[in-house]
Structure formats: C-alpha cells, structure tokens
Amino acid sequence: MKTLLFLSCIVVAAYCACNDNLESVLDKYRNREIDSEAAELDGDDLIDYVNENQNLWTAKKQRRFSSVYGENDKAKWGLMGVNHVRLSVKGKQHLSKTKDLDLDIPESFDSRDNWPKCDSIKVIRDQSSCGSCWAFGAVEAMSDRICIASHGELQVTLSADDLLSCCKSCGFGCNGGDPLAAWRYWVKDGIVTGSNYTANNGCKPYPFPPCEHHSKKTHFDPCPHDLYPTPKCEKKCVSDYTDKTYSEDKFFGASAYGVKDDVEAIQKELMTHGPLEIAFEVYEDFLNYDGGVYVHTGGKLGGGHAVKLIGWGIDDGIPYWTVANSWNTDWGEDGFFRILRGVDECGIESGVVGGIPKLNSLTSRLHRHHRRHVYDDNY
C-alpha cells in the first residue's frame, strides 16, 4: 500500500512539474512583444529576421506571395477572406456542449490517425486566387464529419463552389465570408458535392485551377495577378454529373455552433466529432512559413484566414495545433502547418466553429451509396 502511495506521489509530482514547465514556456510567448522595426519588415529582410531570431520554425520565400503579386497587396491579402477572426457575441450564445464532457485528453491527437477510413481528412485543397478560405475550411471539416458520423461509410467532398457562390448571408464570395454563417447555411440550405478543379467530380466542382504558391517551380501555372470574381450561383449540377439532381445531391447539417475559446474545450470537440474550422490573423511572416511550430515573429497584419484544425501535439516541449491549409501541398509541411497552442496565437483559439451532420439524411444515403471516392492527388 505504501509503495502504491509512493508511486502515485511520483506520478503526481511529475505531472505537476510537466505542467509547470509548459506554463513557463507559454508565459514566455504569451507576454512577448514584437519589435516595432520587425513589424515593418517584408521580403528577404523579414525572412532573414525570422530565421535569425527564433528557432521554432523556418521561413522561406514563397513564389506566390512574391513574384506573382509583388507590390499588389490588395490582391495578396484578398486571399485572407475572414474579416473578423474571433467569434461575435451572437456566435458565443450557441457553443458546443462537448466542453462539459469528462474526457481524458491525450498529449497528442491526429484526426488522420484516429479516423483512418476518412480519406478527406488527409486531403489538401487549393483555393486558387480567390478569398474563399472561409468556404474551404467549412466544407473540408463538414466532409470529414460526414465520414466520421457514418463510421467511414460515406466518403464525400462537399462543394466549396456551392457554398462560395450561393450563400449570400455568408459574405462576399471571393472577397471574404463568415465561417459560422457557412455552417448555418449547411443546416438551412444544404451543400452539394464537388471536388477540386483537377479531379472535376461531383455536382459542382471548384471552378478555379490550382496555381503556383510556392518557393520552387511546380507543375502548376502561376497564380493570376488579380483575384477571380465570385462565381454565379448555379443551382444545378454540371452537365456530366448524372448521379443525382442538385436538390437530391445535398447534404445537410443538424446544428452549427461556436466552440469556447479554451484549449480543452477545443480538444474535446475535436476528439468527439472531428476536424473544426478555425480562423486566425495572418501576418506577413506566415506567408513564408516552410515548417516547424509557427509563432508570429515579424511583418505587418494582412487579414483573417480560415483553415481546418485536425489535431495537436508537443514538439521539443512546445505545444502546437496541427492545421490543414488551402494553399496546395507544396506550401508548408505538405500543405499543413503547426502553430503554437495555448496562448491564442494570432487569435487561433478564439474563432473556432463546427457543427453536426444531419443523421437521418446520412442513414438514407448509406443504403444507396457505392463508396464513390472523389479525391485526387492532382490538386
């Protein structure tokens, strides 16, 4: 008995010491200030400053944000299609109830490993030259949650084009939108299927081609200098999609909600229902992210960006979130990035939204679904 008590004390002491160390790390970043001169840097000067003044992540010139746009800041920052990254007062009135669950939260979690049957979780899409991140973050997480709710039986890709072009309450299409409004639209109006431009599958595939975002020459054409105009809302499927009509192809949500701006609340929701849409503030240095755990180090604020949260972990004592971006697979860590967790870095823990698929609609589809996959590596 004494031995067990002694061992228990050791475990508790180790746990407390670990938490104390973690808090001291977080305090360092929570209370930091960005040097005023660093905040004004851009281009090679900013990249050099980032790489010389911290060791959590590396910066590298990204072709899309340098040679393509150059000084056209309006076009460059137009890709950041979220005006307000934090949940509004109204958005906080309807929060996920998973925050009240009694769950053991692991040190690390990855949706790709937890739900291996769901191919959509692994997919990186490309928003091209359109400020449609708010729509991509939404349909990506919705697609994942449909698969998870159906225990891997329904593998679908919801259409970013359908949401982007037809949700008038969401905002301004390629000029930005509201993530929570996108999830509410899913509940009220439903969203049809639609793959990326290259795969060209589903009812409404994405209308804009992938383009070169990156630091080295790729097989994609350079991104257009200006943003694409918002597509016209077409409430019909493309001509070569004959599986279902537009209305028959829709998937609906049962609920849409915000998630409390608390690390454990976010983790519980992610563990329970799957990937989430999150928004955060993008600074100039983030555009040049090439790997590691991102912390804002320099450069000016450009705008708000929406992405898909899939997990978390710790790297050499630094806690992070794992996130899927929509700038293709050659950006960052194969299209993903990691960002400091626990200090609301760039507001990333203050604008988390999600929802639940409408289960009765999923059940009826399971009886006639043929497991048609619409994923393609050629994004």
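Glycine too: its Cβ is placed from the backbone N, Cα and C atoms.
Within the set CYS211, CYS233, the cysteine that Swiss-Prot bonds to CYS223 via a disulfide is CYS211. Looking up CYS233 in Swiss-Prot gives a disulphide bond whose other cysteine, out of CYS166, CYS167, CYS170, CYS174, is CYS166. Looking up CYS147 in Swiss-Prot gives a disulphide bond to a cysteine among CYS118, CYS170, CYS174, CYS203, identified as CYS118.
Just so you know, the Cβ of CYS147 (disulfide bond) picks up 23 other Cβ atoms within 10 Å once every protein chain is counted. DSSP gives CYS237 (disulfide bond) a coil state; it is part of no helix or strand. Of the listed recorded positions CYS133, CYS174, the Cβ environment within 10 Å is emptiest of other Cβ atoms at CYS174. Taking the Cα atom of each, CYS130 (disulfide bond) and CYS166 (disulfide bond) are about 15 angstrom apart. In the three-state DSSP assignment, the secondary structure recorded for HIS305 (active site) is strand. Spatially, by CA atoms, the active-site residues CYS133, HIS305, ASN325 include one closest to CYS166 (disulfide bond), and that is CYS133.
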